[in-house]
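Listed in TrEMBL:
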- B:27-259: domain 'ABC transmembrane type-2' (DOMAIN)
- B:20-44: transmembrane segment (TRANSMEM)
- B:64-90: transmembrane segment (TRANSMEM)
- B:111-137: transmembrane segment (TRANSMEM)
- B:149-172: transmembrane segment (TRANSMEM)
- B:184-201: transmembrane segment (TRANSMEM)
- B:237-256: transmembrane segment (TRANSMEM)
Amino acid sequence: MIEAKGIGKVYSVKKKKSFFRSEKQIVRAVNGLNLTINEGEIVGLLGLNGAGKTTTIKMLSTLLNPSEGTITVDGLDAVQDAIQVKAMVNMIAGGERMLYWRLTGAENLRYFGKLYGLSGNALEKRIKYLLDIVGLTNASDTPVELYSKGMKQRLQIARGLINDPKYLFLDEPTLGLDAPVAKQLRGMVKTLAKSDRKGILLTSHYLEEVEELCDRVYIIEKGSLILHDTPENITASVVKDYHVTIETSVLSAPVQYRMKQGLIGCTLGFTENADSTVMQIKAPFDPTAQIIDLCVKESVSIQKLELKRPRLEDAILALAKEKSA
Amino acid sequence: MWLPFSATFQRNYLVMKRAFPWSFFLGHILSGFYIIIFAYLSYFFVFKKDLSSSFSTYAGTNDYLSYVILGGLLYSFSVSLLMIASRALITELREGTLESLLLTPSSRKGYFLGYVAQGLMRVCVEFAVITSAGYFFGLHLHHINWPGVLSVLVILVAATFSQALVLGSFMLYFRDTYITQNTLFVMMGLVCSITFPASFLPDGLRWIGNIMPLTYGVDALRMVWIEGKPLVETIQLLWKMIILGLVYFPIGSFLIKRMEKYVLEKHFG
Ligand SMILES: Nc1ncnc2c1ncn2[C@@H]1O[C@H](COP(=O)(O)OP(=O)(O)O)[C@@H](O)[C@H]1O
Ligand SMILES: [Mg+2]
(Lines of atoms letter the chains of each structure in order from A and count residues from 1; the text may use other names and numbers.)
(Lines give C-alpha, C1' and ligand atoms only; values in the text may rest on other atoms or scores of the structure.)
(Ligands and ions follow the chains in the order given, each with its own letter.)
Protein backbone atom coordinates (compact mmCIF):
# COMPACT_ATOMS: atom_id res chain seq x y z
CA MET A 1 0.00 0.00 0.00
CA ILE A 2 1.10 3.55 -0.68
CA GLU A 3 0.33 5.91 2.11
CA ALA A 4 0.83 9.66 1.93
CA LYS A 5 0.37 11.41 5.24
CA GLY A 6 -0.08 15.15 5.36
CA ILE A 7 2.15 15.79 2.38
CA GLY A 8 2.73 19.30 1.19
CA LYS A 9 4.91 20.99 -1.36
CA VAL A 10 6.09 24.54 -1.36
CA TYR A 11 7.84 26.01 -4.38
CA SER A 12 9.74 29.22 -4.15
CA VAL A 13 9.66 31.23 -7.32
CA LYS A 14 11.57 34.35 -8.18
CA LYS A 15 9.27 37.03 -9.48
CA LYS A 16 11.01 39.57 -11.64
CA LYS A 17 10.16 43.07 -10.49
CA SER A 18 12.56 44.86 -12.75
CA PHE A 19 15.70 43.86 -14.61
CA PHE A 20 17.82 43.79 -11.48
CA ARG A 21 15.36 43.21 -8.69
CA SER A 22 13.46 40.04 -8.14
CA GLU A 23 11.31 38.96 -5.26
CA LYS A 24 10.95 35.51 -3.78
CA GLN A 25 7.45 34.19 -3.81
CA ILE A 26 6.10 31.10 -2.15
CA VAL A 27 3.70 28.84 -4.03
CA ARG A 28 1.93 26.27 -1.92
CA ALA A 29 1.15 23.68 -4.58
CA VAL A 30 0.04 20.85 -2.26
CA ASN A 31 -1.18 21.25 1.26
CA GLY A 32 -1.60 18.56 3.93
CA LEU A 33 -2.82 15.86 1.59
CA ASN A 34 -3.64 12.36 2.88
CA LEU A 35 -3.94 9.65 0.29
CA THR A 36 -3.71 5.87 -0.03
CA ILE A 37 -3.38 3.53 -2.98
CA ASN A 38 -3.94 -0.20 -2.57
CA GLU A 39 -2.82 -2.99 -4.84
CA GLY A 40 -5.27 -3.76 -7.61
CA GLU A 41 -7.03 -0.46 -7.19
CA ILE A 42 -7.41 2.49 -9.52
CA VAL A 43 -7.49 5.76 -7.67
CA GLY A 44 -8.38 9.03 -9.35
CA LEU A 45 -6.92 12.42 -8.55
CA LEU A 46 -9.12 15.20 -9.82
CA GLY A 47 -8.84 18.92 -9.84
CA LEU A 48 -8.70 21.93 -12.08
CA ASN A 49 -5.51 23.05 -13.78
CA GLY A 50 -2.98 24.05 -11.17
CA ALA A 51 -4.73 22.15 -8.38
CA GLY A 52 -1.52 20.26 -7.58
CA LYS A 53 -2.06 16.90 -9.30
CA THR A 54 1.26 16.75 -11.12
CA THR A 55 3.14 17.91 -8.05
CA THR A 56 1.50 15.14 -6.02
CA ILE A 57 2.44 12.54 -8.60
CA LYS A 58 6.02 13.76 -8.72
CA MET A 59 6.30 13.44 -4.97
CA LEU A 60 4.83 9.94 -5.02
CA SER A 61 7.26 8.88 -7.73
CA THR A 62 10.28 10.25 -5.76
CA LEU A 63 11.08 12.96 -8.30
CA LEU A 64 10.32 15.65 -5.76
CA ASN A 65 10.80 15.54 -2.01
CA PRO A 66 7.74 16.66 -0.05
CA SER A 67 8.24 19.86 1.91
CA GLU A 68 6.21 18.29 4.69
CA GLY A 69 4.58 14.97 5.53
CA THR A 70 5.68 11.45 4.66
CA ILE A 71 5.12 8.98 1.86
CA THR A 72 5.58 5.27 2.43
CA VAL A 73 5.47 2.57 -0.23
CA ASP A 74 4.90 -0.85 1.33
CA GLY A 75 6.48 0.56 4.47
CA LEU A 76 9.51 2.08 2.73
CA ASP A 77 10.04 5.80 2.98
CA ALA A 78 9.98 7.55 -0.41
CA VAL A 79 12.79 9.91 0.57
CA GLN A 80 15.04 7.79 2.80
CA ASP A 81 14.69 4.59 0.78
CA ALA A 82 14.26 6.27 -2.59
CA ILE A 83 16.32 3.69 -4.50
CA GLN A 84 14.16 0.76 -3.35
CA VAL A 85 11.00 2.76 -3.92
CA LYS A 86 12.05 3.72 -7.45
CA ALA A 87 12.35 0.03 -8.28
CA MET A 88 8.71 -0.52 -7.23
CA VAL A 89 6.99 2.41 -8.88
CA ASN A 90 6.86 4.06 -12.25
CA MET A 91 5.24 7.11 -13.77
CA ILE A 92 3.77 7.88 -17.15
CA ALA A 93 2.95 11.40 -18.22
CA GLY A 94 0.78 12.51 -21.10
CA GLY A 95 2.50 14.16 -24.01
CA GLU A 96 5.40 13.00 -26.05
CA ARG A 97 8.35 13.37 -23.72
CA MET A 98 10.27 10.87 -21.63
CA LEU A 99 11.47 8.90 -24.67
CA TYR A 100 14.49 9.11 -26.97
CA TRP A 101 13.19 10.05 -30.37
CA ARG A 102 16.30 8.99 -32.23
CA LEU A 103 16.06 5.45 -30.87
CA THR A 104 13.60 2.81 -31.97
CA GLY A 105 10.87 1.53 -29.68
CA ALA A 106 12.82 -1.59 -28.78
CA GLU A 107 16.03 0.38 -28.18
CA ASN A 108 14.21 2.73 -25.84
CA LEU A 109 12.93 -0.16 -23.79
CA ARG A 110 16.35 -1.84 -23.79
CA TYR A 111 17.93 1.33 -22.45
CA PHE A 112 15.39 1.82 -19.68
CA GLY A 113 15.31 -1.88 -18.88
CA LYS A 114 19.03 -1.85 -18.18
CA LEU A 115 18.65 1.20 -15.96
CA TYR A 116 16.24 -0.90 -13.93
CA GLY A 117 18.78 -3.70 -13.67
CA LEU A 118 17.37 -6.03 -16.32
CA SER A 119 19.64 -7.67 -18.87
CA GLY A 120 20.13 -10.53 -21.27
CA ASN A 121 17.32 -12.89 -22.10
CA ALA A 122 15.02 -11.70 -19.36
CA LEU A 123 15.20 -8.17 -20.74
CA GLU A 124 14.65 -9.21 -24.34
CA LYS A 125 11.65 -11.29 -23.33
CA ARG A 126 10.18 -8.42 -21.36
CA ILE A 127 10.67 -6.02 -24.28
CA LYS A 128 8.94 -8.42 -26.63
CA TYR A 129 6.08 -8.95 -24.22
CA LEU A 130 5.56 -5.23 -23.62
CA LEU A 131 5.74 -4.27 -27.29
CA ASP A 132 3.13 -6.91 -27.87
CA ILE A 133 0.68 -5.75 -25.24
CA VAL A 134 0.91 -2.13 -26.39
CA GLY A 135 0.57 -3.25 -30.01
CA LEU A 136 3.91 -1.93 -31.25
CA THR A 137 5.54 -5.19 -32.30
CA ASN A 138 5.53 -4.14 -35.94
CA ALA A 139 6.98 -0.74 -35.12
CA SER A 140 9.62 -2.04 -32.72
CA ASP A 141 12.48 -1.19 -35.11
CA THR A 142 11.13 2.17 -36.22
CA PRO A 143 12.67 5.30 -34.71
CA VAL A 144 10.30 6.96 -32.27
CA GLU A 145 10.45 10.27 -34.17
CA LEU A 146 8.39 8.57 -36.87
CA TYR A 147 5.73 7.39 -34.41
CA SER A 148 2.31 9.00 -34.19
CA LYS A 149 1.19 10.61 -30.95
CA GLY A 150 -0.77 7.53 -29.96
CA MET A 151 2.15 5.23 -30.68
CA LYS A 152 4.47 7.37 -28.57
CA GLN A 153 1.96 7.27 -25.76
CA ARG A 154 1.73 3.49 -25.99
CA LEU A 155 5.50 3.19 -25.95
CA GLN A 156 5.48 5.35 -22.84
CA ILE A 157 3.16 2.85 -21.25
CA ALA A 158 5.59 0.09 -22.14
CA ARG A 159 8.41 2.14 -20.62
CA GLY A 160 6.35 2.65 -17.51
CA LEU A 161 5.86 -1.09 -17.21
CA ILE A 162 9.43 -2.14 -17.98
CA ASN A 163 10.30 -2.64 -14.32
CA ASP A 164 7.00 -4.42 -13.67
CA PRO A 165 6.13 -1.79 -11.07
CA LYS A 166 3.78 -2.57 -8.25
CA TYR A 167 2.40 0.95 -8.39
CA LEU A 168 1.90 3.06 -11.45
CA PHE A 169 1.18 6.78 -11.64
CA LEU A 170 -0.51 8.13 -14.72
CA ASP A 171 -0.52 11.88 -15.21
CA GLU A 172 -3.12 12.74 -17.85
CA PRO A 173 -2.24 9.67 -19.92
CA THR A 174 -4.87 10.30 -22.59
CA LEU A 175 -4.10 13.98 -23.08
CA GLY A 176 -4.39 14.82 -26.75
CA LEU A 177 -5.16 11.30 -27.92
CA ASP A 178 -7.88 10.39 -30.39
CA ALA A 179 -10.97 8.85 -28.87
CA PRO A 180 -10.35 5.25 -30.02
CA VAL A 181 -6.73 5.31 -28.86
CA ALA A 182 -7.79 6.75 -25.53
CA LYS A 183 -10.38 4.04 -25.19
CA GLN A 184 -7.86 1.31 -25.88
CA LEU A 185 -5.59 2.83 -23.30
CA ARG A 186 -8.34 2.85 -20.70
CA GLY A 187 -8.87 -0.83 -21.32
CA MET A 188 -5.19 -1.43 -20.75
CA VAL A 189 -5.24 0.48 -17.48
CA LYS A 190 -8.19 -1.56 -16.27
CA THR A 191 -6.42 -4.82 -17.05
CA LEU A 192 -3.28 -3.70 -15.28
CA ALA A 193 -5.21 -3.06 -12.10
CA LYS A 194 -7.71 -5.87 -12.17
CA SER A 195 -5.64 -8.73 -13.65
CA ASP A 196 -2.09 -7.72 -12.74
CA ARG A 197 -3.09 -6.31 -9.36
CA LYS A 198 -1.16 -3.08 -9.80
CA GLY A 199 -2.06 -0.08 -7.72
CA ILE A 200 -2.75 2.82 -10.05
CA LEU A 201 -3.14 6.52 -9.48
CA LEU A 202 -4.66 8.42 -12.36
CA THR A 203 -5.12 12.10 -12.99
CA SER A 204 -7.26 13.22 -15.84
CA HIS A 205 -9.17 16.12 -17.24
CA TYR A 206 -11.77 13.80 -18.61
CA LEU A 207 -14.26 13.06 -15.89
CA GLU A 208 -15.88 10.28 -17.83
CA GLU A 209 -12.56 8.53 -17.90
CA VAL A 210 -12.23 8.82 -14.16
CA GLU A 211 -15.79 7.72 -13.61
CA GLU A 212 -15.31 4.69 -15.82
CA LEU A 213 -12.02 3.57 -14.33
CA CYS A 214 -11.62 4.66 -10.77
CA ASP A 215 -12.59 2.80 -7.61
CA ARG A 216 -12.03 5.86 -5.51
CA VAL A 217 -11.54 9.51 -6.28
CA TYR A 218 -9.75 12.33 -4.50
CA ILE A 219 -10.82 15.80 -5.50
CA ILE A 220 -8.31 18.52 -4.72
CA GLU A 221 -8.45 22.24 -5.07
CA LYS A 222 -5.52 24.61 -4.59
CA GLY A 223 -3.53 21.72 -3.16
CA SER A 224 -6.04 20.72 -0.49
CA LEU A 225 -8.37 17.76 -0.40
CA ILE A 226 -12.01 18.72 -0.71
CA LEU A 227 -13.65 15.34 -1.23
CA HIS A 228 -12.72 11.67 -1.15
CA ASP A 229 -15.18 8.90 -2.07
CA THR A 230 -16.23 6.46 -4.77
CA PRO A 231 -17.41 8.10 -7.99
CA GLU A 232 -20.93 6.73 -7.37
CA ASN A 233 -21.14 8.18 -3.88
CA ILE A 234 -19.81 11.53 -4.97
CA THR A 235 -22.35 11.71 -7.72
CA ALA A 236 -25.17 10.50 -5.51
CA SER A 237 -24.36 12.84 -2.67
CA VAL A 238 -23.99 15.92 -4.78
CA VAL A 239 -26.36 15.53 -7.71
CA LYS A 240 -29.79 14.27 -6.81
CA ASP A 241 -31.54 14.70 -10.11
CA TYR A 242 -32.33 12.22 -12.87
CA HIS A 243 -33.40 13.64 -16.20
CA VAL A 244 -35.72 11.73 -18.49
CA THR A 245 -36.73 12.95 -21.92
CA ILE A 246 -39.56 11.09 -23.59
CA GLU A 247 -41.17 11.67 -26.96
CA THR A 248 -44.73 10.33 -27.40
CA SER A 249 -47.73 10.69 -29.66
CA VAL A 250 -49.54 13.97 -29.13
CA LEU A 251 -50.88 14.24 -25.57
CA SER A 252 -54.14 15.99 -24.86
CA ALA A 253 -54.33 18.41 -21.96
CA PRO A 254 -56.22 15.96 -19.67
CA VAL A 255 -53.61 13.26 -20.28
CA GLN A 256 -50.87 15.76 -19.49
CA TYR A 257 -52.69 16.63 -16.30
CA ARG A 258 -53.06 12.98 -15.25
CA MET A 259 -49.37 12.43 -15.97
CA LYS A 260 -48.49 15.28 -13.64
CA GLN A 261 -50.71 13.77 -10.96
CA GLY A 262 -49.20 10.35 -11.42
CA LEU A 263 -45.58 11.36 -11.05
CA ILE A 264 -45.42 12.64 -7.51
CA GLY A 265 -42.30 14.62 -6.60
CA CYS A 266 -41.22 15.10 -10.20
CA THR A 267 -41.07 18.24 -12.27
CA LEU A 268 -42.62 17.91 -15.71
CA GLY A 269 -42.38 20.08 -18.79
CA PHE A 270 -44.14 19.57 -22.12
CA THR A 271 -43.20 20.70 -25.58
CA GLU A 272 -45.77 20.28 -28.33
CA ASN A 273 -44.62 19.33 -31.81
CA ALA A 274 -46.78 18.87 -34.91
CA ASP A 275 -47.22 15.13 -34.42
CA SER A 276 -45.62 14.44 -31.05
CA THR A 277 -45.15 15.72 -27.54
CA VAL A 278 -41.79 15.89 -25.80
CA MET A 279 -41.94 15.46 -22.04
CA GLN A 280 -39.04 16.53 -19.80
CA ILE A 281 -39.01 14.98 -16.35
CA LYS A 282 -36.72 15.84 -13.50
CA ALA A 283 -36.83 13.49 -10.52
CA PRO A 284 -34.88 12.76 -7.36
CA PHE A 285 -35.09 9.04 -8.24
CA ASP A 286 -35.08 7.00 -11.44
CA PRO A 287 -38.67 7.53 -12.72
CA THR A 288 -38.44 5.45 -15.91
CA ALA A 289 -40.57 2.52 -14.80
CA GLN A 290 -43.36 4.73 -13.52
CA ILE A 291 -43.42 6.76 -16.71
CA ILE A 292 -43.73 3.68 -18.85
CA ASP A 293 -46.55 2.36 -16.67
CA LEU A 294 -48.44 5.62 -17.05
CA CYS A 295 -47.99 5.65 -20.80
CA VAL A 296 -49.34 2.12 -21.07
CA LYS A 297 -52.33 3.02 -18.91
CA GLU A 298 -53.10 6.06 -21.08
CA SER A 299 -52.46 4.08 -24.31
CA VAL A 300 -49.83 6.55 -25.36
CA SER A 301 -47.23 5.26 -27.81
CA ILE A 302 -43.60 5.98 -26.94
CA GLN A 303 -41.34 7.07 -29.78
CA LYS A 304 -38.17 7.80 -27.91
CA LEU A 305 -37.03 7.59 -24.30
CA GLU A 306 -33.79 8.93 -22.93
CA LEU A 307 -32.51 8.68 -19.37
CA LYS A 308 -29.68 10.90 -18.29
CA ARG A 309 -28.00 9.59 -15.16
CA PRO A 310 -26.27 12.07 -12.95
CA ARG A 311 -22.62 12.07 -13.91
CA LEU A 312 -19.48 12.84 -12.02
CA GLU A 313 -19.14 15.89 -14.21
CA ASP A 314 -22.44 17.26 -12.92
CA ALA A 315 -21.22 16.57 -9.41
CA ILE A 316 -18.02 18.51 -9.93
CA LEU A 317 -19.90 21.39 -11.49
CA ALA A 318 -22.37 21.40 -8.63
CA LEU A 319 -19.52 21.36 -6.14
CA ALA A 320 -17.86 24.28 -7.87
CA LYS A 321 -21.16 26.19 -7.81
CA GLU A 322 -21.63 25.45 -4.13
CA LYS A 323 -18.16 26.77 -3.42
CA SER A 324 -18.58 29.98 -5.33
CA ALA A 325 -22.07 30.62 -3.92
CA MET B 1 27.05 0.25 -12.26
CA TRP B 2 27.90 -1.88 -15.29
CA LEU B 3 24.36 -1.93 -16.67
CA PRO B 4 23.80 1.82 -16.67
CA PHE B 5 27.27 2.17 -18.17
CA SER B 6 26.55 -0.17 -21.05
CA ALA B 7 23.00 1.15 -21.47
CA THR B 8 24.18 4.74 -21.81
CA PHE B 9 27.14 3.82 -23.99
CA GLN B 10 24.95 1.87 -26.36
CA ARG B 11 22.24 4.51 -26.48
CA ASN B 12 24.66 7.31 -27.32
CA TYR B 13 26.47 5.14 -29.81
CA LEU B 14 23.20 4.51 -31.67
CA VAL B 15 22.27 8.17 -31.55
CA MET B 16 25.72 9.16 -32.84
CA LYS B 17 25.50 6.63 -35.63
CA ARG B 18 22.11 7.93 -36.70
CA ALA B 19 22.76 11.60 -36.28
CA PHE B 20 26.45 12.34 -36.14
CA PRO B 21 26.94 15.65 -34.31
CA TRP B 22 28.81 17.22 -37.19
CA SER B 23 28.57 20.72 -35.82
CA PHE B 24 30.32 19.77 -32.57
CA PHE B 25 32.82 17.59 -34.41
CA LEU B 26 33.78 20.31 -36.87
CA GLY B 27 33.63 22.99 -34.20
CA HIS B 28 36.17 21.20 -32.04
CA ILE B 29 38.45 20.41 -34.92
CA LEU B 30 38.27 24.01 -36.11
CA SER B 31 39.01 25.43 -32.67
CA GLY B 32 42.17 23.30 -32.56
CA PHE B 33 42.92 24.25 -36.12
CA TYR B 34 42.62 27.99 -35.55
CA ILE B 35 45.09 27.82 -32.71
CA ILE B 36 47.53 26.03 -34.98
CA ILE B 37 47.13 28.46 -37.86
CA PHE B 38 47.30 31.46 -35.60
CA ALA B 39 50.53 30.18 -34.08
CA TYR B 40 51.95 29.28 -37.46
CA LEU B 41 51.30 32.70 -38.92
CA SER B 42 52.53 34.63 -35.95
CA TYR B 43 55.66 32.49 -35.77
CA PHE B 44 56.60 33.17 -39.37
CA PHE B 45 55.30 36.66 -39.90
CA VAL B 46 55.24 38.35 -36.51
CA PHE B 47 58.16 36.87 -34.57
CA LYS B 48 59.97 35.95 -37.79
CA LYS B 49 61.15 32.74 -36.13
CA ASP B 50 62.76 34.82 -33.43
CA LEU B 51 61.71 33.45 -30.05
CA SER B 52 62.73 35.29 -26.94
CA SER B 53 65.02 33.34 -24.68
CA SER B 54 62.51 33.63 -21.89
CA PHE B 55 60.09 31.55 -23.95
CA SER B 56 62.36 28.55 -24.12
CA THR B 57 63.16 28.86 -20.44
CA TYR B 58 59.48 28.85 -19.48
CA ALA B 59 58.34 26.45 -22.17
CA GLY B 60 61.15 23.97 -21.78
CA THR B 61 61.57 23.65 -25.54
CA ASN B 62 62.67 25.58 -28.59
CA ASP B 63 60.23 23.88 -30.90
CA TYR B 64 57.56 26.59 -30.81
CA LEU B 65 55.40 25.09 -33.53
CA SER B 66 55.15 21.72 -31.84
CA TYR B 67 54.57 23.54 -28.57
CA VAL B 68 51.54 25.41 -29.90
CA ILE B 69 50.19 22.61 -32.05
CA LEU B 70 50.16 20.24 -29.10
CA GLY B 71 48.53 23.02 -27.11
CA GLY B 72 45.77 23.32 -29.69
CA LEU B 73 45.42 19.58 -29.90
CA LEU B 74 45.01 19.06 -26.21
CA TYR B 75 42.86 22.15 -25.83
CA SER B 76 40.28 20.85 -28.26
CA PHE B 77 40.56 17.38 -26.70
CA SER B 78 39.85 18.77 -23.27
CA VAL B 79 37.07 21.09 -24.41
CA SER B 80 35.33 18.25 -26.26
CA LEU B 81 35.47 16.03 -23.25
CA LEU B 82 34.26 18.76 -20.90
CA MET B 83 31.38 19.49 -23.18
CA ILE B 84 30.30 15.89 -23.53
CA ALA B 85 30.20 15.20 -19.81
CA SER B 86 28.93 18.54 -18.58
CA ARG B 87 26.10 18.80 -21.08
CA ALA B 88 24.78 15.29 -20.44
CA LEU B 89 22.07 16.09 -17.91
CA ILE B 90 21.06 19.46 -19.25
CA THR B 91 20.56 17.82 -22.64
CA GLU B 92 18.25 15.27 -21.03
CA LEU B 93 16.40 18.17 -19.43
CA ARG B 94 15.97 19.95 -22.74
CA GLU B 95 14.87 16.84 -24.57
CA GLY B 96 12.39 15.94 -21.86
CA THR B 97 14.05 12.70 -20.82
CA LEU B 98 15.53 13.80 -17.51
CA GLU B 99 12.51 12.68 -15.51
CA SER B 100 12.44 9.22 -17.01
CA LEU B 101 16.15 8.86 -16.18
CA LEU B 102 15.75 10.11 -12.62
CA LEU B 103 12.79 7.78 -12.08
CA THR B 104 15.11 4.80 -12.40
CA PRO B 105 17.12 3.46 -9.47
CA SER B 106 20.29 3.43 -11.61
CA SER B 107 23.75 4.60 -10.63
CA ARG B 108 24.54 8.04 -11.97
CA LYS B 109 28.25 7.19 -12.02
CA GLY B 110 27.65 4.37 -14.48
CA TYR B 111 25.56 6.74 -16.56
CA PHE B 112 28.25 9.40 -16.73
CA LEU B 113 31.04 6.93 -17.39
CA GLY B 114 29.04 5.40 -20.23
CA TYR B 115 28.39 8.84 -21.61
CA VAL B 116 32.05 9.81 -21.49
CA ALA B 117 33.37 6.47 -22.76
CA GLN B 118 31.15 6.75 -25.81
CA GLY B 119 32.06 10.39 -26.27
CA LEU B 120 35.74 9.47 -26.19
CA MET B 121 35.19 7.55 -29.41
CA ARG B 122 34.40 10.79 -31.15
CA VAL B 123 37.04 12.76 -29.29
CA CYS B 124 39.71 10.29 -30.38
CA VAL B 125 38.74 10.74 -34.00
CA GLU B 126 39.01 14.50 -33.53
CA PHE B 127 42.39 13.97 -31.89
CA ALA B 128 43.64 11.94 -34.84
CA VAL B 129 42.39 14.49 -37.36
CA ILE B 130 44.04 17.41 -35.58
CA THR B 131 47.27 15.46 -35.12
CA SER B 132 47.55 14.73 -38.82
CA ALA B 133 46.71 18.32 -39.69
CA GLY B 134 49.28 19.48 -37.16
CA TYR B 135 51.88 17.30 -38.86
CA PHE B 136 51.62 19.42 -42.00
CA PHE B 137 52.19 22.56 -39.99
CA GLY B 138 55.32 21.24 -38.39
CA LEU B 139 54.28 19.01 -35.49
CA HIS B 140 57.01 16.42 -35.31
CA LEU B 141 56.06 12.81 -34.72
CA HIS B 142 59.36 11.12 -33.97
CA HIS B 143 60.99 10.06 -30.72
CA ILE B 144 57.65 10.32 -28.96
CA ASN B 145 57.28 8.45 -25.69
CA TRP B 146 53.96 6.80 -26.62
CA PRO B 147 53.28 5.00 -23.32
CA GLY B 148 53.96 8.33 -21.66
CA VAL B 149 51.50 10.11 -23.96
CA LEU B 150 48.86 7.52 -23.22
CA SER B 151 49.35 7.78 -19.46
CA VAL B 152 49.13 11.57 -19.55
CA LEU B 153 45.93 11.39 -21.58
CA VAL B 154 44.32 8.84 -19.26
CA ILE B 155 45.01 10.95 -16.21
CA LEU B 156 43.86 14.07 -18.01
CA VAL B 157 40.62 12.37 -19.01
CA ALA B 158 39.90 11.37 -15.41
CA ALA B 159 40.66 14.83 -14.03
CA THR B 160 38.69 16.56 -16.79
CA PHE B 161 35.75 14.27 -16.12
CA SER B 162 35.68 15.40 -12.50
CA GLN B 163 35.89 19.01 -13.59
CA ALA B 164 33.02 18.42 -16.01
CA LEU B 165 30.76 17.33 -13.15
CA VAL B 166 31.28 20.71 -11.50
CA LEU B 167 30.75 22.52 -14.78
CA GLY B 168 27.62 20.45 -15.44
CA SER B 169 26.15 21.49 -12.08
CA PHE B 170 26.66 25.13 -12.97
CA MET B 171 24.92 24.57 -16.27
CA LEU B 172 21.96 22.99 -14.53
CA TYR B 173 21.85 25.78 -11.97
CA PHE B 174 21.90 28.56 -14.55
CA ARG B 175 20.01 26.44 -17.06
CA ASP B 176 22.47 27.69 -19.60
CA THR B 177 25.13 26.00 -21.63
CA TYR B 178 26.22 28.72 -23.98
CA ILE B 179 27.53 31.42 -21.66
CA THR B 180 28.83 29.02 -19.00
CA GLN B 181 30.80 26.82 -21.33
CA ASN B 182 32.14 29.55 -23.60
CA THR B 183 33.35 31.70 -20.72
CA LEU B 184 35.25 28.72 -19.40
CA PHE B 185 36.65 27.72 -22.76
CA VAL B 186 37.92 31.18 -23.66
CA MET B 187 39.50 31.37 -20.24
CA MET B 188 41.12 27.98 -20.70
CA GLY B 189 42.57 29.02 -24.04
CA LEU B 190 44.14 31.97 -22.32
CA VAL B 191 45.47 30.66 -19.02
CA CYS B 192 46.28 26.99 -19.58
CA SER B 193 49.59 27.35 -21.42
CA ILE B 194 48.00 26.62 -24.75
CA THR B 195 49.79 29.12 -27.00
CA PHE B 196 52.25 30.55 -24.49
CA PRO B 197 53.52 29.46 -21.09
CA ALA B 198 51.24 30.47 -18.23
CA SER B 199 54.27 31.97 -16.50
CA PHE B 200 53.92 34.98 -18.80
CA LEU B 201 50.59 35.75 -17.19
CA PRO B 202 50.13 38.24 -14.39
CA ASP B 203 49.61 36.60 -10.99
CA GLY B 204 45.98 37.70 -10.92
CA LEU B 205 45.22 35.39 -13.83
CA ARG B 206 47.71 32.63 -13.26
CA TRP B 207 45.83 31.04 -10.37
CA ILE B 208 42.94 30.25 -12.72
CA GLY B 209 45.30 28.18 -14.82
CA ASN B 210 46.50 26.48 -11.67
CA ILE B 211 43.08 24.98 -10.97
CA MET B 212 42.65 23.59 -14.49
CA PRO B 213 43.89 20.04 -15.07
CA LEU B 214 44.56 21.03 -18.68
CA THR B 215 47.44 23.35 -17.67
CA TYR B 216 49.39 20.43 -16.23
CA GLY B 217 48.23 17.96 -18.85
CA VAL B 218 49.44 20.08 -21.72
CA ASP B 219 52.85 20.64 -20.15
CA ALA B 220 53.25 16.96 -19.36
CA LEU B 221 52.20 15.99 -22.86
CA ARG B 222 54.78 18.31 -24.39
CA MET B 223 57.53 16.77 -22.29
CA VAL B 224 56.75 13.21 -23.35
CA TRP B 225 55.86 14.14 -26.94
CA ILE B 226 58.21 16.87 -28.07
CA GLU B 227 61.18 16.00 -25.92
CA GLY B 228 60.41 12.28 -25.65
CA LYS B 229 61.18 12.44 -21.96
CA PRO B 230 60.42 9.50 -19.64
CA LEU B 231 57.17 9.66 -17.71
CA VAL B 232 58.90 9.97 -14.32
CA GLU B 233 60.02 13.48 -15.20
CA THR B 234 56.38 14.56 -15.47
CA ILE B 235 55.43 13.00 -12.19
CA GLN B 236 54.86 16.35 -10.46
CA LEU B 237 52.50 17.50 -13.17
CA LEU B 238 50.67 14.19 -13.09
CA TRP B 239 50.20 14.44 -9.33
CA LYS B 240 48.77 17.92 -9.64
CA MET B 241 46.23 16.62 -12.17
CA ILE B 242 45.35 13.70 -9.95
CA ILE B 243 44.90 15.95 -6.93
CA LEU B 244 42.69 18.34 -8.89
CA GLY B 245 40.64 15.37 -10.03
CA LEU B 246 40.32 14.13 -6.48
CA VAL B 247 39.15 17.55 -5.36
CA TYR B 248 36.71 18.11 -8.21
CA PHE B 249 35.17 14.66 -8.10
CA PRO B 250 33.43 14.77 -4.70
CA ILE B 251 32.44 18.40 -5.21
CA GLY B 252 31.03 17.62 -8.63
CA SER B 253 29.18 14.50 -7.47
CA PHE B 254 27.66 16.38 -4.58
CA LEU B 255 26.63 19.36 -6.68
CA ILE B 256 25.18 17.22 -9.48
CA LYS B 257 23.01 15.37 -6.97
CA ARG B 258 21.76 18.63 -5.54
CA MET B 259 21.18 20.14 -8.95
CA GLU B 260 19.17 17.13 -10.16
CA LYS B 261 16.59 17.80 -7.46
CA TYR B 262 16.86 21.54 -7.87
CA VAL B 263 16.22 21.47 -11.57
CA LEU B 264 13.16 19.25 -11.17
CA GLU B 265 11.69 21.80 -8.78
CA LYS B 266 12.49 24.76 -10.98
CA HIS B 267 11.69 23.35 -14.35
CA PHE B 268 8.04 22.93 -15.12
CA GLY B 269 5.40 23.73 -17.64
N1 LIG C 1 8.32 23.83 -10.41
C2 LIG C 1 7.43 24.71 -10.01
N3 LIG C 1 7.80 25.91 -9.52
C4 LIG C 1 6.88 26.81 -9.11
N5 LIG C 1 5.56 26.61 -9.13
C6 LIG C 1 5.11 25.45 -9.60
C7 LIG C 1 6.01 24.43 -10.06
N8 LIG C 1 5.29 23.37 -10.48
C9 LIG C 1 3.99 23.70 -10.28
N10 LIG C 1 3.87 24.95 -9.76
C11 LIG C 1 2.63 25.62 -9.38
O12 LIG C 1 2.00 24.79 -8.43
C13 LIG C 1 0.61 24.67 -8.67
C14 LIG C 1 0.24 23.22 -8.91
O15 LIG C 1 0.76 22.80 -10.16
P16 LIG C 1 0.58 21.31 -10.72
O17 LIG C 1 0.99 20.36 -9.67
O18 LIG C 1 1.29 21.25 -12.02
O19 LIG C 1 -0.98 21.24 -10.93
P20 LIG C 1 -1.88 20.34 -11.90
O21 LIG C 1 -1.06 19.18 -12.36
O22 LIG C 1 -3.03 19.94 -11.05
O23 LIG C 1 -2.30 21.21 -13.04
C24 LIG C 1 0.33 25.59 -9.83
O25 LIG C 1 -0.08 26.83 -9.30
C26 LIG C 1 1.65 25.73 -10.52
O27 LIG C 1 1.75 26.97 -11.17
MG1 LIG D 1 -0.63 18.56 -14.33
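Just so you know, glycine gets a Cβ as well, placed from its N, Cα and C.
What TrEMBL says about a protein is an automatic prediction, not a curated fact.
Most Cβ pairs within less than 8 Å of the transmembrane segment (B:237-256), among stretches B:20-44, B:64-90, B:111-137, B:149-172, B:184-201, belong to B:149-172.
Only pairs six or more apart in sequence are counted, and the transmembrane segment (B:149-172) with the transmembrane segment (B:64-90) gives three or more Cβ pairs under 8 Å, enough to call it a contact. Residues 35, 38-39, 55, 58-59, 68, 71-72, 74-75, 78-79, 82, 167, 208-209, 212, 214-215, 218-219 of the same chain lie 6 or more positions beyond the ends of the transmembrane segment (B:184-201) yet place their CB under 8 Å from a CB of it.
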